[in-house]
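The repeat 'ANK' annotation in TrEMBL covers 58-90, 92-124, 126-158, 160-192, 194-226, 228-260, 262-294, 296-328, 330-362, 364-390.
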Amino acid sequence: MANPAGLGREMLEAARRGDAVQLGALLAEERGLENGHDAVVRLLVEDGADVNKARTDDGTTPLFIACQEGHDAVVRLLVEAGADVNKATTDDGTTPLFIACQEGHDAVVRLLVEAGADVSKARTDDGTTPLFIACQEGHDAVVRLLVEAGADVNLARTNNGATPLFIACRIGHDAVVRLLVEAGADVNLARTNNGATPLFIACRIGHDAVVRLLVEAGADVNKARTDIGATPLFIACRTGHVAVARLLVEAGADVNKATTDIGATPLFIACRNGREAVVRLLVEAGADVNKATTNTGATPLFIACLEGRKAVVRLLVEAGADVNKARTDIGATPLFIACRNGHDAVVRLLVEAGADVNKARTDIGATPLFVACQNGREAVVRLLVEAGADFGVSAWASLAMLRFNGHTDVVEALTTPTVWERRFRLLAWRTSARRCRHDGAFAVSAAAHESASSGECTVA
């Protein structure tokens, strides 16, 4: 017999003799199956080799190895010799067809399909089908072969319920998505573990071409995840994919639909993450700029101020956001939180927009000035002082703490002559007014107020 593969004489003679020991040693070096030596395989088959004998450790068969490496000539030989095309590995139940689909060997896939391979036989560990893995890897030619062979396009994995369409959308294989949609894949079939749809995952990653395909195929743009109630628009806004968000809005997505866990809207999450372009899009689409979360009552403006998103704060203020709307749990205003975190540019915007510089938290009564002092925010303190912030007892009591913590600049801002003069005038009026009211002399109280305003009041 000729040596068509150019193999060593020893290997061929060992094959003819059926010398398993020597042939095994030679194959260990040459690895006939993995290197596609069909001449050696033919000799072994003709000599009566068991084509279905698998490895004892994981159940891998000769056909499996040939399919994995993409050796279609060897695959053909083994199939013609009676190899079981559906015999899976014993460790995870992977079939020859599955591994060929994973590697994208379309010629091998065609051979297996023609030989009767089960196109929907899934792995035993997680229920992944050959179609699923081909979609994940983006092998559109293989996907087409499987679909034409009758593969179930909606057969999901058993561990989380993800469909072939879901995984194709997550990776962003638009050609594969188109094939699946044309084959009748359910565009609204969600994962069983959290209710995420193919559209949701495409929006999260930002695959606008895939999103467009799904929307045109009738995907529900308002179908939310079942675990937290997040919509496709919500996730697109969170990640800042403005092109995707625009597609969804144009398709009729509800811009005010909030999550079910904390009641966060798409606008809220966009503001938190500083997605300026997305915020503008949502505002123009009619998003409610004052809709607060259900757990704490925080508004989009509040969260933008907390994070120091100056551009977003400006957009919200211009859109009519209530600068004094406080959280419902503790009563903290947007100004309070901006002062606490030292976002002086945001503080200036809020003050100019009419924010109440003296509105205190409802739980502990702390004012914006107090929290600015407490955290050593010198620039913020000066802004508040210039805006006429009232120096309540709590603010003055914090002077000692400020000195102790080394915030001497803030102490200086609070103890300038102008500030002291204003403070003493206020104290004088309050003291005189209280005394006069106690005596029933309301006219005198009014006079004391006028005297304090002129700077001529003395404390009795």
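For all residues, glycine too, the Cβ spot is worked out from N, Cα and C.
Keep in mind that TrEMBL annotations are predicted by a computer and have not been checked by a curator.
Sequence-remote contacts of a segment are chain residues at least 6 beyond its ends whose Cβ falls under 8 Å from one of its Cβ atoms, and for the repeat 'ANK' (58-90) they are 33-38, 41-42, 45, 51-52, 96-100, 103, 105, 107-108, 111-112, 115-118, 121, 123-124. The predicted model assigns the repeat 'ANK' (296-328) a mean pLDDT of 98. The residues of the repeat 'ANK' (364-390), classed with DSSP into helix (H, G, I), strand (E, B) and coil, number 16 helix, 0 strand, 11 coil.
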